[in-house]
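Here's the structure, in C-alpha cells; my notes come after.
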Amino acid sequence: KLPPKLILCSGRLLEKVGITSEVQFLRIIMDGIPPLEDKHLFIKDLRFEKVKVRIYQPKIPTTSQRRGILYFHGGVGLFGSIRAYERTCRYFARKSNSVVVSVGYRLAPEHPYPTQFEDCLTATIHFMRTAQDYGVDPSRIIICGDSSGGTLTAAVAQALVNRRDLPKLRAQILIYPFLQSVNFNLPSYQQNEGVPILLKQRILALGLKYLNRDLSIMEAVSKHSHIPEDLQLKYQKWVNPDYIPHEFKSRGYKPSTTHPFSEEIYTLVKPVFDTVFSPLIAEDSVIAQLPEAFILTCEFDVLRDDGLLYKKRLEDHGIKVTWCHLQEGFHGTVFLAFWGRVIAFQSGNKGLKKIVNFLRLM
C-alpha cells in the first residue's frame, strides 16, 4: 500500500509528464480494490431522481423501522465515489443496524460546482419522501460526510431548515469538514500546513480546481486578498482565531497580517462566499434551526479549526453538539482506517466507533 504523501506526489508527477491528470489518478487510487460480497447486507444500485445511489440494508429481520443514513463522500468534489466508500458505508450499515444510502453525486470539473450540492440535496429529499419504502422511519434520517462531504452535509442541512413539506433531519455528522474560505491562516492552517495528506497548498489548489479557476491566484487567496473589507468585518463574528480555545494555539500560532484587497481576485472567487461552499458563514437565523450534530476533528489537520468554529456557532444557538477530537488524528484518518491494520490509523478506528455510538442513540 502506498503512503498518502507518495500517492499525492505520484499524481502530480504523472500530470507533469502528461500521462494522466492528477484528478484522474486520485480517482483511480481512491477507488482501490472493491471488497468481497457482504453476507450481512442487501446491496443495490438505484437512482434517486437522476442521482446514482447505492443502498445498504441489513439482512437481520426487524419488527420496527430502522434509522436511515445518507453518506456524502469526500474528495473536494473532484474525486471519490460510491465504490471508494464501499467499506465505510458497509461498516455503518452493519455496526449501527441502519439503512445506508451512499450518494454518487456527479464530480467537477465535468459537472461544474454546485452540481455536487444539488445532487446531494436531490437525493436527500427523495429519500425523505420515500423512506418507508426502505423500512426507514422518516423522523430518523441522518446525513453524514467526510471532508468536502462534510461541507455538503452542512450545506444540505442548512438548505432544509425552512422546508415545511419534509420531515426534520434527525442529525448531521461532519467528519473533519471544510467549512469556510474566509481565513486560511487560522491556528490549524499554520500548525499543519505541511502535514499529509491535506497540505495547505493542496487545499487551495484543489479548491480552485473544483471551481475551475486558474491556480495563479492561489497566493493572493492564501493572503486573503479576495475578501472586501465589509465582508471581513461581517465574517469576523464567526471566523475568528479569538474563538479557538487557547490549548489549540500552544503549538505555535502568529496572528496573520492583512494584505490589500483585490477586486479582480474577489470577482474570480466570489462563489467561495456562497454558504454552499462555506457553510460556516450562514446567517444566525439558519444556524439556529439546524439539527443536532456530531463533529469530528483531528489535531493534525488544517481543517481542525473549521470544525471547532462550527461547533461554537451551533452551541451558541443552543444546538446540541457531540464533539470527537482525535488527538493523534490527521485528515483522512477515518477513510484510511479501512486501508489496512496500520498503527497510524488507530485514530481512524477510534473515530469510527465514536460515530457508531452516536448513531445508535439516534
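Each residue, glycine too, has its Cβ placed from N, Cα and C.
These figures come from a predicted structure and were not determined experimentally.
So that you can see what the record holds, here are the features copied from TrEMBL:
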type     : residues : note
DOMAIN   : 69-212   : domain 'Alpha/beta hydrolase fold-3'
ACT_SITE : SER147   : active site
DOMAIN   : 266-333  : domain 'Alpha/beta hydrolase fold-3'
ACT_SITE : ASP301   : active site
ACT_SITE : HIS331   : active site
Summary of DSSP states over the domain 'Alpha/beta hydrolase fold-3' (266-333), given as helix, strand and coil counts: 29 helix, 19 strand, 20 coil
Rounded Cα separation (Å) that holds between HIS331 (active site) and SER147 (active site): 8
Rounded inter-Cα distance in Å - SER147 (active site), ASP301 (active site): 11
Residue counts (helix, strand, coil, in that order) that DSSP gives for the domain 'Alpha/beta hydrolase fold-3' (69-212): 59 helix, 26 strand, 59 coil
C-beta crowding around ASP301 (active site), within 10 angstroms: 26
